[in-house]
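Some features that Swiss-Prot has for this protein:
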type     : residues      : note
ACT_SITE : Ser163        : active site, nucleophile
ACT_SITE : Asp187        : active site, charge relay system
ACT_SITE : His257        : active site, charge relay system
DISULFID : Cys242-Cys255 : disulfide bond
DISULFID : Cys279-Cys290 : disulfide bond
DISULFID : Cys293-Cys301 : disulfide bond
DISULFID : Cys436-Cys455 : disulfide bond
CARBOHYD : Asn67         : N-linked glycosylation site
CARBOHYD : Asn75         : N-linked glycosylation site
CARBOHYD : Asn177        : N-linked glycosylation site
CARBOHYD : Asn289        : N-linked glycosylation site
CARBOHYD : Asn366        : N-linked glycosylation site
SIGNAL   : 1-26          : signal peptide
Amino acid sequence: MLLSFYFNGLLLVGCLLSWGRSDTEGQCHSFTDLNIHNSIIGTALKVQLLLYTPENPKCAQDLNEDNSTGFQYLNVTRKTVFITHGYRPTGSPPVWIDNIVTKFLDIQDFNVILVDWNRGATTVLYHNAAAKTRKVADILKRLIDNMLSQGATLDSIYMVGVSLGAHISGFVGKMYNGSIGRITGLDPAGPLFNGKPPEERLHYTDAQFVDVVHTDTDGLGYKESLGHIDFYPNGGTDQPGCPKTILSGSEYFKCDHQRSVFLYIASLTNNGDLVGFPCKSYRDYRIGNCTNCKEFLPLSCPVFGFYADKWKDHLVKKNPPGTKAFFDTAAKDPFCIFHYYLDIMTWSSQTRRGYITIRLMSLNGNVTESKLDKDHATFEQYKEVSLLAKFDQDLDPMTRISVTFTTGSVIGPKFKLRVLRMRLRPLTNTNRPILCRYDFVLLENVEMEFNPIPCEDTNL
């Protein structure tokens with residue numbers, strides 16, 4: 001009898017606590033998870049606007065117009081980030097969504113709105129997904145209009161778009177005459193958008209600041225520049241660590257395209273290691289023609305990713321706007337490569353062609369070896385050759401340097417390279433001293449190790 005009374009009492013308390021509470025209160029929403037069957041039959045457009053804030057970092061609230069409970073978490077005085085994905089041929093959620101939301105909330109009190117249009121983007125027919133992009137933009141405009149009516153400002157709107165999502169972001173920006181704060185395009189989709197006029201794709205006039213990264217220009221991405229600044233990591237194609245043959249399956253098709261997202265996520269925490277060097281072409285960058293960052297003083301060359309807006313004032317005033325910047329990356333997260341230029345002037349009377357390997361050493365014994373351009377260099381008397389050297393470690397202070405010269409030949413005589421001056425210029429950390437070594441001889445295939453010294457005249 002007492003036990004029955006106890007359980008009945010618990011039931012009554014539970015009913016009283018739940019009485020008056022809506023069905024949706026406290027409910028967490030998740031990104032739409034579909035499959036290849038949905039892709040084959042096609043999906044009608046249905047958009048979820050999943051809100052994450054410091055108050056609900058793990059429990060998304062849907063901001064659909066018929067759902068008022070989600071708006072209690074939306075603080076319009078904060079900056080709002082819209083993250084919009086692209087084409088989803090298999091229907092599965094993007095693997096990066098949880099990570100990018102978490103990283104944004106770790107660095108600042110944002111409203112993060114994940115634009116889930118998986119129902120619409122999931123189809124085997126890419127053009128069907130592309131045809132829905134303007135409808136998604138219309139839905140986003142209705143939400144932004146609602147936010148503006150509650151006190152939000154267009155300055156506080158930041159749109160991050162992936163592939164088709166980049167063009168969706170551009171369409172939203174056009175409806176506000178380019179007044180929204182910022183758009184970042186992560187490898188904007190190329191198919192059906194290449195060669196289109198500005199009103200039919202992302203363009204630098206769509207926001208106060210538009211920055212773009214291109215990682216798959218020979219495949220799924222857009223090749224030409226679109227923003228106030230366009231970054232081309234590894235030249236915009238063939239990203240390190242991505243499969244080179246179709247034998248790798250689906251990764252072969254999507255890895256380069258998707259790398260743009262992972263580079264951007266890394267930039268949220270790196271805060272400065274992925275430095276882009278303005279240049280006309282990737283080749284010019286590789287041969288050392290693009291090291292002058294004086295136009296950005298007192299800043300360095302622009303940093304790729306989230307912190308690129310620090311260079312906004314320098315970039316938007318260009319007439320016409322449009323800066324291409326290049327940098328190289330490692331194959332894995334955090335993707336950082338530390339760049340130097342190795343300048344060599346020789347006084348050998350005969351021209352020599354060969355390869356240079358350089359190793360840097362620190363006081364505690366750490367060693368990092370250069371990843372130099374694969375092309376051989378031609379060393380002519382009194383002509384300086386600049387080689388781009390890339391290292392996967394940042395050694396500071398650097399105590400010793402070793403250099404090896406080789407022609408790559410396994411037969412024939414061994415050559416000497418008489419060096420008048422060798423200069424190592426830091427590009428990633430430009431505040432560090434330029435290091436030199438003067439008047440020495442490199443014997444072919446013999447490693448020469450020495451202590452570097454500050455250059456006597458860095459203007460030489």
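Any Cβ shown, glycine's included, is placed from N, Cα and C.
Since the structure is predicted, the reported quantities are computational estimates derived from the model, not experimental observations.
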Spatial separation of Asn289 (N-linked glycosylation site) from Cys242 (disulfide bond) - C-alpha basis, Å: 28
Recorded positions clustered about His257 (active site, charge relay system) [Cα within 10 Å; pool: Asn75, Cys279, Asn289, Cys293]: none
Number of Cβ atoms other than its own within 10 Å, given for Cys301 (disulfide bond): 23
Reduced DSSP assignment, Cys301 (disulfide bond): coil
Where Cys436 (disulfide bond) falls in three-state DSSP terms: strand
Structural state of Cys279 (disulfide bond), classified by DSSP into three states: coil
Spatial neighbours, same chain, of Cys290 (disulfide bond) - Cβ under 8 Å, 6+ residues apart: Phe277, Pro278, Cys279, Lys280, Asp284, Phe326
Euclidean distance between Cα atoms of Cys301 (disulfide bond) and Asn366 (N-linked glycosylation site), Å: 28
Coarse DSSP state, helix versus strand versus coil, of Asn177 (N-linked glycosylation site): coil
Asn177 (N-linked glycosylation site) versus recorded positions Ser163, Asn289, Cys293 - nearest by Cα: Ser163
Asn75 (N-linked glycosylation site) and Cys301 (disulfide bond), distance between Cα atoms, whole Å: 35
Spatial neighbour of Ser163 (active site, nucleophile) that is closest, considering only the recorded positions Asp187, Asn289, Cys293, Cys436 and their CA atoms: Asp187
